[in-house]
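The next block holds one structure in the form of structure tokens; read it before the comments.
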Amino acid sequence: MQPTTEPHNAILVEKTPLETYVPPAKPSLIGLSRNELADRLGEIGVAPAQRKMRVQQLWHWMYFRGAQNFDEMTSISKGIRAELAQHFTVDRPEVVAEQISNDGTRKWLLRLPSGDNVEKAHEVECVYIPETDRGTLCVSSQVGCTLNCSFCHTGTQRLVRNLTAGEIVGQVMVARDRLNDWADREDGTRRVTNIVMMGMGEPLYNFDAVRDALLIVGDNEGIGISRRRITLSTSGVVPNIVRAGEEIGVMLAISLHAVRDELRNELVPLNRKYPIKELLQACRDYPGASNARRITFEYVMLKGVNDSLDDAKLLVKLLKGIHAKINLIPFNPWPGTAYECSDWDQIEKFSEYIFNAGYSSPVRTPRGRDILAACGQLKSETEKLSARERQTLRAMAMTD
């Protein structure tokens, strides 16, 4: 089924979020840089000569050991721990719902308090996808999204606000909490080995917070996920693509999904501001791109929309000269969508053509379909529940 094309003036680009972040009365230290932590220590009277050491201790306990309160930080003096507990927390987002798929995929709905007003608390999703050789965590960057991509469920949800660096890092910490994945894990392995910024929101429209969060996640003295195992996905915010390479230095993925501007204008309305030619030039200019650090182009397979062999041929032509791989994504249906997933035979033909042209073209294995694991679905479904049902979900998540 071919959806109706929106009028040209329906373009949705970067908008001011409806709300700004209101910190709790006792803010969390999660997401602060080392310099910011030193400033907070100064606020509670820690002498300048001690701050560097105390920052390193805090960093170790928060990001390497996963401490959930200051009492666990036994290498820090009791007096400083008491002052820290009086003024700050190391709280993560609250798990209000958890779903576990038959294939092992886990999806969490996380509550982000706004000040002391529980009624204004917002929720985001993150998803853990276990595979034989890795465990990938899909992380959100905004509450809702402004881009209105027609095939994406999050596009049906309004943009409420940007996440803070702490709320982004907090998703990784929640996953490690739930998976028992901190330094004291008996077998010494890690379940969360890869991070993808492919959850709710457009990361490059929340650049500073995403940058600060990913620098913390990639820090070798803490969470320690290599930057080569962190992928930032964008729908094509061209001015911030090269900047991301310079200031963050992680792997880049582009939500392409179409090879002609007319169709991409419909699927990804941001294309009307930054068309394909400009987007691909930014990819060619991305710092550090090489055969070993290829840019991933994501391409959702929509039946009768973008899955012809002519589309595959033009895709190969467009990507000439770019160190690239193409990730073909079978469409994950959601209630109310007008799209269907391409037939499997057609996906294989599309993939084979790209592969024969010299590009890696893996087909992403659909995961978590039994738990509505496509981005934004759990949030939408829980919003339909009554208050009593939501309280029951929260209790189950907390006691699981």
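Glycine residues also receive a Cβ, built from the backbone N, Cα and C atoms like all the rest.
Lifted from Swiss-Prot, the feature list:
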| type | residues | note |
| --- | --- | --- |
| ACT_SITE | Glu125 | active site, proton acceptor |
| DOMAIN | 131-372 | domain 'Radical SAM core' |
| DISULFID | Cys138-Cys375 | disulfide bond |
| BINDING | Cys145, Cys149, Cys152 | [4Fe-4S] cluster binding site |
| BINDING | Gly201, Glu202, Ser233, Ser255, Leu256, His257, Asn332 | S-adenosyl-L-methionine binding site |
| ACT_SITE | Cys375 | active site, S-methylcysteine intermediate |
Under DSSP, is Leu256 (S-adenosyl-L-methionine binding site) helix, strand or coil?
coil
Distance from Ser233 (S-adenosyl-L-methionine binding site) back to Cys145 ([4Fe-4S] cluster binding site), taken between C-alpha atoms, in Å:
14
As a test of reading the model: what is the averaged pLDDT for the domain 'Radical SAM core' (131-372)?
93
Intrachain C-beta neighbours of Ser233 (S-adenosyl-L-methionine binding site), sequence separation six or more, cut-off 8 angstroms:
Val196, Met197, Met198, Pro203, Ala253, Ile254, Ser255, Thr296, Glu298
The one of Ser255, Asn332 whose CB sees the fewest other CB atoms within 10 Å, among these binding-site residues:
Asn332
Using C-alpha positions only, work out which of the recorded positions Glu125, Cys138, His257 is nearest to Cys149 ([4Fe-4S] cluster binding site).
His257
Sort out for me which one of Cys138, Cys149, Cys152, Leu256 has the most neighbouring CB atoms within 10 A, since those are the recorded positions we care about.
Leu256
Which whole-number value in Å describes the distance between the Cα atoms of Gly201 (S-adenosyl-L-methionine binding site) and the residue listed as 'active site, proton acceptor'?
11
Give me the long-range Cβ neighbours of Glu202 (S-adenosyl-L-methionine binding site): same chain, 6+ apart, Cβ under 8 Å, in sequence order.
Ser141, Gln142, Cys145, Thr146, Leu147, Thr234, Ser235, Val237, Leu270
Listed binding-site residues among Cys152, Leu256, His257, Asn332 whose Cα sits within 10 Å of Glu125 (active site, proton acceptor):
none
Need the DSSP three-state call for Glu125 (active site, proton acceptor) to compare against my parser.
strand
C-beta crowding around Gly201 (S-adenosyl-L-methionine binding site), within 10 angstroms:
31
